[in-house]
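Below you'll find the structure, written out as structure tokens, and then a few comments.
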Amino acid sequence: MVRECVEESFGPKKMTKKSIVDSCKKNKLYITPHLNDILYLNYSGYNAIESLEEYVGLKCLWLECNAISEIKGLEYQTELKCLYLQNNLITKIENLDSCKQLDTLNLSHNHITRIENCGHDILPVLNTLNLSHNYLKTADNLDHLRHCNFVSVLDLSHNRIEDIAIVKILGGMKELRVLTMTGNPVVNEIPSYRKTLILECKNLTYLDTRPVFDRDRACAEAWKRGGYEEERKELLRWKKEEQRKIRRSINATLRMRHRGDGEPELLKTSSDEEDEDKASKCGKDMSSMLEINQKTNEQAWAEVEKMFCTTPSATGSSGIFQRFATNRGGGADGDGEVIETSEEDIEATIEDIKAVSPKKLIEEISSDSDGAKENYDCKPDEVIAKPCSEKLIEEIVIETAECDSGPSSPEYHEALDKPIENIVNLTNESPLTSPSFDTEPRTLIEEIEPTDVEEEQQIEEQPAPKPLSKNMEKVMSTEKEDDTLNVLIENNEEISITMESKDGELISKVESRPPSTECKKYKIVSTNDVDNSESEPTDITNEDQEYRSSSVSVTSSTDSSDSEDLFDKIVPNKHPKLATNYRQDSTTSTDSENEVSPSKPPIKLEKEKSIAECIDEYKKFFKAAKILESDPEDESSTKMARPHTAKAKRTEPIIYEGVLRNMERNSNESKIAEARTEAKESKEKVIDRLIEQQNLVDMNLEEQNISIGGQEHDFNEYRLEAFRKDQEKLQCLIDRVTAQKDLYNAHIDQIHNQLANIMEDYDQIGLKLKKVDDFLENIKEEPKAPETPSIESEEEIPEELEVHSSEHEQEIVENDNLAQQIIEKIISQSVKTSSEDLKSNFDDSSESSDSAEEDFMDSIRPDHNLLEILTSPKPIPILDPELIPNVDNEFQRDPVYRKFIEIQEEIDKLTEDELYDIVTEATGEFSEEAHVEHCLNTQVDQYWKQYDDIEEFRKNINLDSHPIIQKFRQFIRCHCENKYPGEVDSTIDNLDKACRKLERRLSNQLFDEYLELSRKMSVATIGGESSANEIELIEVDEEENDVEDVVKKITAWVEEQVQNEIAELNEERAAHAGEVMQDTEDVESKPVEIDGTKEETVDSELADNCD
């Protein structure tokens, strides 16, 4: 009990039903197992998953932070969707076949080395797979991901992946959306890692810690097409498109705001190429705007009135300002309201203007600001008007007198005497060509059609054309439509004055065309128009234009700023409180550049100078002008309506008479020169700065120090050091390859040596087997039956026999003596046996015979069958060593017999079991290295196949001719090589011994076969008589059981045969003494031929002994 408590407290915890129920109670789940769809078994120390058979309804199983080493025990969780096994000891993904609905599998922080068993065939709906913090390394370990067709979220972070082939594997996952690869070495190995993975994974939306937007994919594709330059261009295009979207959304919001007031769309579209410096300039003006907003509108109007009342005239100007004062309205935002006029005050206003000054208040829509800059090298814009006695002619009057001349000046009174209908003064002289103003007014035709003399003078006086700046070219190319001034005259004809560039100069062209509704117009407004009448809003609006010039930074009156209002168009921009929508630039130029200051010195009052500058800059704020036709009688009906809301329609500003005088007083010639000088200086500065930077950049990198890792390095030394390191790496690689190559060559040389030794052994075995085959072929040849020699053949003795006759005389004599003794003994025995009983004789003879005869007689006793005796493998002892003492000497001279005796002696010493034991023992010595040697044999076979077929080679040496050779060849194949070179000699010795033993055994078996064949083929007859060896081949019927009859027949046959052979032997001995016996192959079967006669002495002696 104590041990169980200790194991439960400290040892690995086992997952039991009781522990699972306790976990359910702890987490407020159901005690009934099948009612739970989620189960928390985490942080419990379990070492195996078990006892979950009853929880068949689980959909989410938490098993993290345990000691689980194997995934099993989930056979009954068929509805499982989420399985969390992180922070365990799992080494293999397995046993998930039953979880077909698994959607999320978390196996992070385990010991997994290979991804397997999670393909679409096993987990068909797997969507999320987390394998972070494992031991994945090569692409082979990750190749199974190709079969995960529905995995869209994959986490492989913090593994050991270092094979860049994983890019192709991830590219094959068509549904992959989210990928995490941080913490792997391959991240640093893949060039342009993020772009490469975005290009390979077509549907990837999130990579590592950042999302993949359409812009990232487009930039990656551009990088693939044209490198980093194409990527930069694509990124710039996307940025511009995003800016356009932002502007469109803002403009849409502003349009909705204006539409709410019942107004048309009057928003200005921002330029795509708007300078970024405007934002910084707006920031600089913020400080001044704060000071401006602190003042009230009443104070601002008071200051404006003081500016224009420095030289008041009678009651006219005061009346005007009184009207303005009564009609102005102020708010907290500094916006003014448009002054309304009434029909009743039109005539009164005209009279006031006549009394004060010949100038009229003109409502004007200024031309584009680009026209101001284009007036440097061309004629001033020509404003056209046509006099008419019945109608009010719309005109622009430019006063040539000084503003400070006062009402007492003659020019001032002369201007007062002129009727307003006859005042048409148009100044056409450029400040560059005329030192003073032309006081004579010019007619409309003179303005439109200048004389040839004037044209020639203008061409001669004009300076050499200067190239326009890039900003000017940009403006001219993008806003050609703004360079045309359309003017309506009396006969409903429209005169179009177009400014075109030619050779760096701007040339005005005048065209006559039908009137257009979109032309720019000028309109005369009397002082009576400035009234509090509540008429309907007018339809006079400004056209939306964009200011692109870098030297002019002006915000149009139709801009979408919340602080703008119509009232800033009514007053000059002198007072910033009343006109806060203007941003001043130091390089601004105006339309007043066309005017030339008179010979009188300019006014030195700072207030008046500031007013002139402000008015000059204010004139370029407008873009268009309208000249409307109106009859004198309808002039009183002309009204200006004020909108009812703060964000109302835009109306054309009204310019004061005093402002016009100040505009004429000061010339912009100095400003033009200053602007040109500044432009030239800025251009020179830019060029100098570029040249200076180019000189500072020395392209000779070899003489410069480069920064690497925060330290300076000499370029040459660093390059040499890097080259040296690369060379060392290359040399190390070459050394490794060379060492491996030497190892392979040594291994191949060793194989060659072993094969050479084996081939030598094969050659020796082949030679020996060839000798055996030749020997067998000689044995198989049937000997021809010898014929009875005639007298002539007896006389013809071969020379070889004569040569060897002397050497064998003594042997023949001994043989004759031995044959005589055998014959006499046989005859004596045959006489004795004839008188006695056959059985008793048989017993006596068997008892008194020698050891050889006893063996033979024992074999033919009545209890043995004669057929069994004759067919017995044991050879019959037919030789009596006492009677034939010198027979061995005769056969020892025969080489075949000697070989047979040697083989027989070896076979007697070494049995088949012993040979088998030797081979088995040799095989057992190499059993431990069988696998390695088998691989080596395979390499040897592959090496030799390119030269010859080894099987055909072995067949050629006749190794398959015998089963023993096949067995031994198998032994040689398994043990022909050694693992260590020192064992080669011992293996060769073992093989040599085994070959020798095999040769002996083979020779023994082959010689036994030879003996069997020789017994069957040794029936040699002379005249139809059989030899003595026929005794062994006599077939006895199984029914013949009378041994006595058989013995009688044999005895009679032997006696008759002996007598005949003795006579023939004596004759042969006398005639052919010393003849050499030839082809003596077997003692039992080969007859001895002397002079063509056949001796069968041994068989006859055996027969006599048997008798």
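Using the three backbone atoms N, Cα and C, a Cβ is placed for every residue, glycine included.
When Swiss-Prot is compared with the stretches 310-347, 1070-1107, the one noted as region 'Disordered' is 1070-1107.
Same-chain neighbours of the repeat 'LRR 3' (79-100): 42, 56-73, 106-118, 122-125, 130, counting only residues six or more beyond its ends whose CB sits under 8 Å from a CB of the stretch. Outside the domain 'LRRCT' (184-223) by six or more residues, the chain places 156-164, 166-168, 170-171, 173-178, 230-231, 233-235, 238 with a CB less than 8 A from a CB of the stretch. Long-range contacts of the repeat 'LRR 2' (57-78) within its own chain (CB-CB distance under 8 A, at least 6 residues past either end) are made by residues 12, 34-51, 84-96, 98-101, 106. The DSSP breakdown of the repeat 'LRR 1' (34-56), given as helix, strand and coil counts, is 2 helix, 4 strand, 17 coil. The repeat 'LRR 3' (79-100) scores a mean pLDDT of 94 in the predicted structure.
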